[in-house]
């Protein structure tokens with residue numbers, strides 16, 4: 001089973017969207033194998049967004065992601081990365097397909113409610129950044145025996 005990292009950003013947490021987003025994830029068939037509400041500090045934010053160091057928007061990005069709590073998750077399922085990304089929609093909510101999380105809830109590219117890994121490599125890196133191995137659980141959902 002493939003794993004991916006997904007995070008409800010501060011704007012999503014502050015607007016009370018964690019439950020709605022988790023419901024969508026579970027209804028889609030992805031399994032949450034780790035999850036926690038946390039405050040990201042600058043050091044972790046810089047590691048997470050290392051590829052953007054030196055870009056004009058970097059400081060705003062760090063300021064936003066450290067401005068409030070996030071809900072970090074590890075999801076598991078067949079094709080979990082692509083499935084989660086389709087559910088999220090395009091980065092710019094104005095370009096996101098109707099019915100996606102960003103189209104339905106995001107108001108601006110810089111405040112787009114949710115983050116998700118874009119490749120197996122980034123998923124592995126992000127999961128290791130945000131979760132210790134013992135925080136990631138292995139379990140079988142009741143429905144799995146029927147699939």
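Even glycines carry a Cβ here, placed using N, Cα and C.
Residues or ranges marked as ATP binding site in Swiss-Prot: 9, 57, 85, 91, 102, 112. Counting every protein chain shown, the number of other Cβ atoms lying within 10 Å of the Cβ of residue 112 (ATP binding site) is 22.
Sequence-distant contacts of residue 115 (active site, pros-phosphohistidine intermediate), defined as residues of its own chain at least six apart whose C-beta falls under 8 angstroms from its C-beta, comprise 5, 6, 7, 9. Marked as active site, pros-phosphohistidine intermediate by Swiss-Prot: 115.
In the three-state DSSP reading, residue 115 (active site, pros-phosphohistidine intermediate) counts as strand.
Annotation for residue 102 (ATP binding site): spatial neighbours 88, 89, 90, 91, 93, 96, 112, 113, 114, criterion Cβ-Cβ under 8 Å with sequence separation of six or more.
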